[in-house]
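I have placed the structure first, in the form of structure tokens, so that the comments after it can refer back to it.
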């Protein structure tokens with residue numbers, strides 16, 4: 001990739017000439033994102049994000065372009081990088097760069113470039129720092145926290161345990177050699193973060209439990225209108241899109257093994273069954289396993305499924321769910337992919353020693369010593385974004401409406417004391433607001449409670465209608 005970097009411009013993209021194409025697709029996406037566009041229209045005059053300088057680390061797609069332009073329309077200053085080396089849509093990045101927003105992203109970044117670009121979102125052109133983070137997976141948040149700790153204890157970045165850590169640690173060392181307090185200065189300036197996905201939320205809760213988190217965070221992922229829609233319905237459409245674009249495989253009749261039966265796994269299993277695959281599920285949680293069984297899926301272990309499955313999809317957010325030994329047992333031409341945030345759900349490092357033959361970008365044959373080949377998609381990273389274009393605009397509207405509301409909330413309350421350091425979720429009435437805005441596009445008609453009915457079930461007529469502990 002010969003990325004375009006103009007020293008007179010504050011961006012790095014694949015081809016700025018793609019901006020026109022990107023702008024046309026952004027215009028189409030806006031018509032499919034009613035919730036986000038309604039938030040833009042509602043708050044534009046008030047400029048609730050005026051003064052906010054947002055460092056964004058989230059997949060640089062067409063839908064994200066609509067989010068970025070919403071944040072700017074509400075008064076924010078924004079710099080952006082993708083949170084995945086394969087997920088950028090180059091025409092989207094070009095359109096945003098051409099509009100004057102600094103963006104550092106192209107499809108197929110190296111890990112070195114990835115961490116370089118993540119650093120760039122914190123380097124404001126005027127020499128200042130950001131004061132907010134919008135994160136997906138937690139890498140931007142991790143970078144500042146780890147870097148600040150490494151300023152005091154270099155041993156923290158002395159012994160990487162993975163390829164990802166090798167490049168992360170090297171990037172931190174390089175930055176510290178130039179500016180020994182860069183991380184702590186940036187960290188001190190951040191007033192809050194809003195986190196998009198399950199993996200990043202896990203990181204935030206772990207940091208909070210250890211006393212390491214240095215600013216308040218809103219867990220956007222666990223808003224109902226995010227997790228029960230983006231994670232489930234988004235994956236239900238984008239998983240198979242990625243597999244089909246990559247392989248053109250016939251799914252009907254195949255044994256498809258879905259590792260993990262959370263919201264992402266549920267959507268993935270539904271998609272594969274809709275195309276008449278025989279869907280097997282692996283699970284550690286007896287409740288999720290029981291749900292899968294009651295839906296008619298066969299619940300098995302990966303040890304058992306490895307030699308039988310034709311298509312494998314990891315959806316757990318966990319580590320080495322598919323191991324070297326599992327892949328060694330697989331059928332010739334088995335398809336292996338991941339739709340969880342990071343690439344370590346599949347032990348890709350363990351098979352790097354074998355012969356890899358690139359069929360096309362993000363589609364590789366891996367040849368084992370016995371001559372068998374398996375097909376690995378997107379090198380174990382997100383298949384729906386590596387091999388396709390991710391979730392549809394409509395479902396991302398819910399997620400990004402929540403992101404925007406969360407940014408407004410944290411920024412508005414930055415000095416009020418409402419959010420001491422910790423991890424929070426948006427209140428129920430805002431969740432319901434996003435759902436109402438989304439329903440407009442579907443011509444849905446909501447039934448209204450009478451005063452008597454509202455009193456009978458103990459809620460306000462206008463909502464919220466469910467207790468915080470309610471499980472949708």
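All positions are counted from 1 along the displayed chain.
Glycine is no exception: its Cβ is also placed from the backbone N, Cα and C atoms.
Record check: Swiss-Prot places 61, 196, 226, 230 at the substrate site, and the matching candidate among 123, 126, 136 is 136. For the substrate site, whose binding residues are given in the record as 61, 136, 196, 226, 230, the maximum C-alpha distance rounds to 17 Å. For the binding-site residues 264, 339, the ranking by surrounding Cβ atoms (within 10 Å, all protein chains) places 339 first. In terms of Cα distance, the binding-site residues that sit within 10 Å of residue 197 (NAD(+) binding site) are 136, 226, chosen from 61, 136, 226.
Cβ-based crowding with a 10 Å cutoff singles out 260 as the top-ranked of the binding-site residues 260, 262.
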